[in-house]
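Enquirer: Look at TrEMBL and you will find 12, 13, 14, 15, 16, 17 tagged as ATP binding site. Per TrEMBL, the feature domain 'OBG-type G' maps to 3-257.
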């Protein structure tokens, strides 16, 4: 399953151009609001040099990288939570994603229409956040009323706990605050997971700047100041320039990027930020049939990692033969690692480490 990231923001701020740059697509990106109506999506392989090194040693029949899916979602306007613009569609599509890429216009261009006729990143962000909050508020209120009506079907203790969490969330939303700023425990989050709140989704800002003001832009300064107060991540891009770079051959692209002082493409930077936001890491399986990368949350135990492959692996988990990535490379594969005593037998509660090569033993 891919990491699914929704690209959101106001109309005409460069979402579709960024989507094209990230994915090599050619979706329509025109100078009028709601150019995007139906969401566009594309799944991309995440390049991992470690996977390539494993494949060189194992020489498998196939190599399968981890993947990321980008979804270009229709622009949002004030009143979207009440159906303005393409609001209801927009919000539904966001709920289906795991992380949010919030694109913000940080450039002046009289030739590109802004729905509010003025460039103001902070106002745009406020509009988007307000609509997400209002949508969550409606969902939370409905959920609270629903469990109150069905109180008789709950154990008394369970009802009080769930009602308390819903009421806490509702009060926070009524105060026009994102649920991500509410101090919810892991158990609280588990109990409300089915509501799929928009304001709980990990998100990053992508500042779309003019190529002449890539590092020195007053709008960008405003966004960084806001992000600092929110402990949020900002990725700076010039979407049209990134789109042109994406069309170049690798060698030429690297030369241009070096000249422009851009160490990594927007795709590489956004993937890295997305992994950090979702606290993901990668483990590998390596056999003659297949070498594969698997993305799992940091802190995942061995039995849960096994279940990522198949539910039977988790159900009948016995143990995992585990080799660190460095040992696998240094001893030229599984055979050398075994001879050097570098294969560990780990139980189901073993906490998977980034880069582990794992072989699961199970019985069902």
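Cβ coordinates are placed from backbone N, Cα and C, and glycine is handled just like the others.
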Enquirer: I want to verify one value. Collapsing DSSP to three states, which class is residue 17 (ATP binding site)?
Expert: helix
Enquirer: Applying a 10 Å Cβ distance cut-off over all chains shown, what neighbour count does residue 12 (ATP binding site) have?
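Expert: Excluding its own Cβ, the number within 10 Å is 21.
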Enquirer: Ranked by the number of other Cβ atoms within 10 Å of their own Cβ, which of the binding-site residues 16, 17 ranks first?
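Expert: Comparing the binding-site residues 16, 17, the most crowded Cβ belongs to 16.
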Enquirer: Run through the Cβ atoms and count how many others sit within 10 Å of the one on residue 13 (ATP binding site).
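Expert: I get 26 for this one.
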